């Protein structure tokens, strides 16, 4: 892609998200979401592969549906209450429609079906943008919407953690596994949203760091399915030793960074007298942990067949930039002791 076009698209992505962050009016927030969607579509379809075009079309139709629902809900709220302000959405019908539209935008279960299919059709870099940056603007709106039904949020959260764990069990494609991982993590964030928004924000930022590391590892290894992970020991042995720790951090095992948000979310749910919800969330985390362990097994405990043709490309030196991966990996593995500092910074 032409560097000038790429720069324009990336700036448009940033502009759309910033407009949504800064807006207190539903129409302006909707415009920010639309700029975001239109900016990422050329990035998704840049390879002109039929699978990429299919994924782009699915993404566009899904996002257009969610945007239409948001516009309809905000117009209905203005008709019923006379208010366009995001903070003044007080009628239950527009609040319900807005929540479901934003859930569709980020890919929460049960409106998650587009996410694995879309992510599977993209290259790893665009998939990373879709899994991280594209979640920011809808999440900002979910955080700002005051009269969201608390039961609905808990149902969305539990369903997402369950679907995110269950859906990833039989997958062999890494991008689909990361899509289900995204659904599960978003479920955890939505569970605690109404009780402690700062904790949701911390979980979101932690998820971004861990996902960035995972996508960067797969990109350096040029891996898109589980079988190719078995060859990574010959390409990057040191990185192959660290990757299971990154995956276990995504699964939420101590003493890695991913443990902090899950631990604090379970603690907050227990404080709010929701022990059954906390128990269900903890049990669904075990499902996700299983497919992360499956990836660890494929990388470290299996050896790919060595053929004369196959050995040569493994030993080529990678020309990709590794500094972002190094920083993200360190953050993924060792930020747990800084959890109190992170919470203090996010608390207003």
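One is the number of the first residue shown, and numbering goes on along the chain from there.
Cβ coordinates are placed from backbone N, Cα and C, and glycine is handled just like the others.
Please treat TrEMBL annotations as automatic predictions, because they have not gone through curation.
The transmembrane segment annotation in TrEMBL falls on one of the ranges 38-59, 60-81, 126-147, namely 60-81. Taken as a whole, the domain 'NADH dehydrogenase subunit 2 C-terminal' (289-342) shows an average pLDDT of 76 in this prediction. Contact between the transmembrane segment (201-218) and the transmembrane segment (325-346) is present: at least three CB pairs lie under 8 Å, with pairs separated by 6 or more positions in sequence. Within the same chain, the transmembrane segment (276-293) packs against the transmembrane segment (238-256): three or more Cβ pairs sit under 8 Å, each pair at least 6 residues apart. The transmembrane segment (93-115) shares more Cβ pairs under 8 Å with 60-81 than with any other stretch in the list 60-81, 151-170, 177-195, 238-256, 325-346.
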